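One structure below.
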Amino acid sequence: MSPSEFDRQRDVEVLQRETVFQGYFRVDQYRLRHRLFGGGWSRPFQRELFERGHAAAVLPYDPQRDSVLLIEQFRIGPYAHGGAPWQIEIVAGIIHDAETAADVARREAVEEAGCQLGPDLLPIAAYYMSPGAVSEHLTLYCALTDLTGVGGIHGVDDEDEDIRVHVIPFGTALEWLAAGRIQNSPAIIALQWLALNRARLQANSPEAG
């Protein structure tokens, strides 16, 4: 069965929208209806939408050393849930006005890890983080990068960031993944993509052979 051919303009009707919270992020409340798979329209219903902007994330990979760059920082979400507050992640950030996703990947690599990415950003995926309640759309990259000398503690003071850099063998990253130490979708997806594409990237790297 093919996916539906519903149209966002023709087949969705927004009856009301208002902002119910405005802080660092925003929450909008929608009242709407949409076309049904079986024909006709749904009854009007209400949804709250968390608006935090769109984002980019990048996994720096050094094919010569077969190493990846991961970061570790405190996260309020896992803390509130009762999980491990210090999370192992990849570099990521919000896209601001006039920036592209690639711009953000490069900027955040410097801010969060003190790392200048290589010239090529390899697209991995672009997806919605949690489409049932969040508008955020994330663009995910891998960057072939010389990770020699990269490490330390970084972050933007004005944003209260305290970020530790881990440059580790790819095999170690997979062990962390299998052990459940990596618990966020951008890092999981990027590492799984690299597992599928690593041999090709190593073979095509300038110093291969």
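Glycine is treated like the rest: Cβ placed from N, Cα and C.
TrEMBL labels come from automatic prediction, so no person has curated them.
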Further Mg(2+) ligand in TrEMBL, beside ALA92, GLU108, GLU112, within candidate set GLU18, GLU161, GLU175: GLU161
DSSP state at ALA92 (Mg(2+) binding site), helix/strand/coil: strand
GLU108 (Mg(2+) binding site): secondary structure state under DSSP, collapsed to three categories: helix
C-beta crowding around ALA92 (Mg(2+) binding site), within 10 angstroms: 22
Averaged pLDDT score, the domain 'Nudix hydrolase' (51-190): 97
Per DSSP, three-state class assigned to GLU161 (Mg(2+) binding site): coil
